[in-house]
Structures are given as structure tokens and as C-alpha cells.
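To start, the structure itself, in C-alpha cells.
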Amino acid sequence: MKRKSAKPGGRSINQHVRRKQKLKPSSRRWIERQLNDPYVQRAKREGMRSRAAYKLVEIDDKHGLLAPGKRVIDLGAAPGGWCQVAVERTGSTPEKPLVAAIDYLGMDPVPGVTILEMDFLDEDAPEKLMAALDGAPDIVLSDMAAPTVGHRKTDHMRTMYLVEVAAEFAMEVLRPGGHFLTKTFQGGTEKALLDRLKNHFAKVIHVKPDASRAESVELYLLAKGFKGRA
Ligand SMILES: C[S@@+](CC[C@H](N)C(=O)[O-])C[C@H]1O[C@@H](n2cnc3c(N)ncnc32)[C@H](O)[C@@H]1O
């Protein structure tokens, strides 16, 4: 049978896990999805730590957030794909780090990134993040997602809480003109939070990059042009 080539990967699609292996159907589906996912293949080929990296690449290519010399805070950073993109596009170096990242999961060092291994919801996390940067951030990124417990409404609410805390943090620390990008869910962002963001930023939009799986309710909320604190 003729195999179609995968885009943007280059490896063939429709690979299957051999039946001999004893796997739960859900595990089998997950592995097959990974094997056939062009972004997973591209990440492997290009040395990126996550397929999620391409979501930021796409959003940044279209909306121009990252630039040389900009300071970045990355919330929920492990395994570090977004950090890699931020370092490359800001020109951050170990001598002059421009990127500060936080995750309660450990991650391998990324040269040019100051990594905090702690919960962003800890009281002293904001202060520690700010101390890791030599000045106010130009961009606050959040790809945080709460660990799922399998109860859809609970999972949804826990991630939406992270969105709210990240948004409040961004509005507290961003440099005027700065940007805030966060993962959210379709239909998930509270009107009150959207209104608050619209008051504080020049433009607020939802974006769904191609690298975000079509079947996923995941969506990104982008607030551009922080107007500054009153
Ligand atoms: C989708 S992953 C991030 C992927 C990352 N953007 C990348 O490109 O590699 C979400 C991350 O958010 C982290 N996270 C969730 N809640 C958090 C919290 N309260 N504090 C810190 N990290 C959190 C998780 O541990 C997980 O590593």
C-alpha cells in the first residue's frame, strides 16, 4: 500500500502499534496518536522538548510577541519547549538570562533560562519569578494545565483558576506595552476576566494554533498591549 508522507514531519502516517503488545485500548490510541503526529516527529527532528513548542512558534509568527532583548516569564514550563522558543527568539544567554520559568515538575536546564521548581500558586512564587529577571517582563506566557482527575467539570474549573491567577499576575508585573498569552478552554474564560483583560490591554483575542489538536477543547487567550497599572 502506498504511504502518504506526513506534514510537517516527513515520516509516513497511519502507523499502528503491533497487536502482540498487551496495552489498554486508551494507551494504544495514545501511542498511535503520538507515532502519527507530525508535530511530535518534527519536535524530535528539530530537538524540541515538546510538540507544544510549535503552538508558541505559530502564535508568535502570527502575532509578533517575542523579539531580541525581551524579557519573558513562562508559567508551567516543563518539559521546556516554550522555553527553547523563548530563548531562541529573545537571544537570552546564561550570562544575561531574559527568561524565567516555573513548574512544580523538574525539568532539564535550558541555557538562558532561570528555572524555578515550585508551584506557581505558592505565595512567594511571584516574588521569586521577578527576582529571577533583571526588570519587568515584556511577555507573560502560561501553558499551565491542572492535572486531570477525570471529572470534566472539576478539571475545567481547576485549569480556569490557573488562568485567572496567571492573568492577575500578568497585570501586576508586565511592562506597559507587554503581552500575556495563556492556555484556556473553549467557552471557559469567565466574562468577568475577559472584561478585565479588555480594560487593561489594547487587544484581547482567542487563538487556536494548528499545532493544538482540533479535537481538543484547548484554546489560547492572547492579550496584547498592556496599558499599564492605573
Ligand atoms: C502543557 S504542559 C507545558 C508544556 C510546555 N509549554 C512546553 O512547551 O514544554 C503544562 C505544565 O504546567 C505545569 N503546571 C500545572 N499547574 C502548575 C502550577 N500550579 N505551578 C507550576 N506548574 C504548573 C505542569 O506541571 C505541566 O508541566
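Even glycines carry a Cβ here, placed using N, Cα and C.
The feature compositional bias 'Basic residues' is assigned by TrEMBL to 16-27.
Per-residue pLDDT, averaged over the domain 'Ribosomal RNA methyltransferase FtsJ' (49-226), rounds to 95. Marked as domain 'Ribosomal RNA methyltransferase FtsJ' by TrEMBL: 49-226.
Annotation comment: TrEMBL describes Gly80, Trp82, Asp103, Asp119, Asp143 as S-adenosyl-L-methionine binding site. Counting only residues at least six positions away in the same chain, the Cβ atoms of Ala52, Lys55, Leu56, Asp74, Leu75, Gly76, Ala77, Trp82, Thr182, Lys183 sit under 8 Å from the Cβ of Asp143 (S-adenosyl-L-methionine binding site). Under DSSP, Asp143 (S-adenosyl-L-methionine binding site) is assigned to coil, being neither helix nor strand in the three-state scheme.
DSSP assigns Lys183 (active site, proton acceptor) to a strand. Look at TrEMBL and you will find Lys183 tagged as active site, proton acceptor.
Within the same chain, the residues at least 6 positions away from Gly80 (S-adenosyl-L-methionine binding site) whose Cβ sits under 8 Å from its Cβ are Arg49, Ser50, Ala101, Met107, Asp108, Val110, Val113, listed in sequence order. Filtering Asp103, Asp119, Lys183 by Cβ distance to ligand 1 (under 6 A) retains the following recorded positions: Asp103, Asp119.
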